[in-house]
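Copied over from Swiss-Prot, here are the features:
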- 177, 178, 179, 180, 181, 182, 183, 184: ATP binding site (BINDING)
- 370: site 'Required for activity' (SITE)
């Protein structure tokens, strides 16, 4: 009787075990381990934790309440973490969990016109950011063989810079000067001048006042610049960890467009605040201090950031990333630690002096201390022909003017040189938010360097150049188009411009002006 019962149960058991095997195949059960540590101390934007034995350098970690941080110090007994959010709700004893990944940010067309923080979270109350993909904030700079020479100009729309300190696409040009000398104004005017130039702009605000950033964003929006601009913000009250990663995150967002073959301009405002945030983190985490209490790798953190700005070879799309880092000096001390580091890293600097600013000369560019090491090769041929010797002659004029203050009797030729130099200085002045097209710049610079402004009273020079700009757009559009498209100024066009300006604008300065 027992054997028939077993025969009946056998197919039932086989069916049950087969069902078990099928479920196991469809729903694999795997144990997932999580490494969780305990926060032992917390404050001033950093935390220390134990129990994270396998955590890696700069790995993203998660605190309660979806607060995020980065592993910064890997000591034998504990891990030093930097907070990317405010830590008001955190306390010693709370858990911290590994994520197994590095910090990444959204990139793509969906960021254009948006204001975000260093983690990609929106700050403009316009909903979530739509992104093509996410990329890590720390990326390797392009290799040497992947780079191309800087040959295409980036027009700032500012005469003093485009004529004397030209910038090329893919260059790194430092803007340096004391506070309230117009550093941000130059960067903003450069962004405004990229309208209709197929250049994507990224403005990175580090440690700036919220009111100042809000005013700048409003200005960009009112002038239609936000359509091609991304603003990445870490205000002064943000955690030092967030301020530290902000320029790297902004560069990752900019690199996406560069790798798509587009030209990109990025402004870092400013890197002295970035250096101070890194110094604060390093001192709190007990890293050895060096000169001015900055850690020993402060040069490296800026070098690895700015080396990501370049011009790619045509085989890689031919895109470019132009960097305009800003750094603030104290009491015109250009030889301070961070400014000298950045001067040695970048391809030139635009130095703004408070002496010129206080005299009402805007932009307050000190031509003698400013230089562009690679931009000269990218300057438009038309501009190079017009302003080729202008830098040298203008520097000589400034020295001559200083000498003339002693009351020495001057020869007639010297007096004429002084008068022309003063008119050149007047022409180079330019109010904020009024970038000029390159054709208008060249016409005005041609007129002043050829002496056509010599008989115009200095107080009327500004009005004269405004008349020239308006008139050539209206009367000589063909020459403007040739300059804009080809960058060339033929001898015929040159003579036509000079004769037309002399006969129609400056013929009778008393009546015209």
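Easy rule for this one: first residue shown is 1, then count along the chain.
Just so it is clear, glycine is given a Cβ too, placed from its N, Cα and C backbone atoms.
Note: residue 178 (ATP binding site) has non-local neighbours 328, 329, 330, 331, 332, 352, 353, 354, i.e. same-chain residues 6+ apart with C-beta under 8 A of its own C-beta. When the recorded positions 180, 184, 370 are compared by the number of other CB atoms within 10 angstroms of each CB, 180 has the fewest. Residue 179 (ATP binding site) is 17 Å away from residue 370 (site 'Required for activity') when you measure Cα to Cα. With a cut-off of 8 Å between CB atoms and residues at least 6 apart in sequence, the same chain places 328 near residue 179 (ATP binding site), listed in sequence order. Same-chain residues that are not part of 177, 178, 179, 180, 181, 182, 183, 184 yet have a Cβ within 8 Å of the Cβ center of the ATP site turn out to be 328, 352, 354, 357, 364.
Reduced to three states, the DSSP call for residue 178 (ATP binding site) is strand.
A sphere of 10 angstroms centred on the C-beta of residue 183 (ATP binding site) encloses 26 other C-beta atoms. The Cβ of 182 has fewer other Cβ atoms within 10 Å than any other of the binding-site residues 177, 182. Within the same chain, residues at least six positions away from residue 181 (ATP binding site) with a Cβ under 8 Å of its Cβ are 352, 353, 354, 357, 364.
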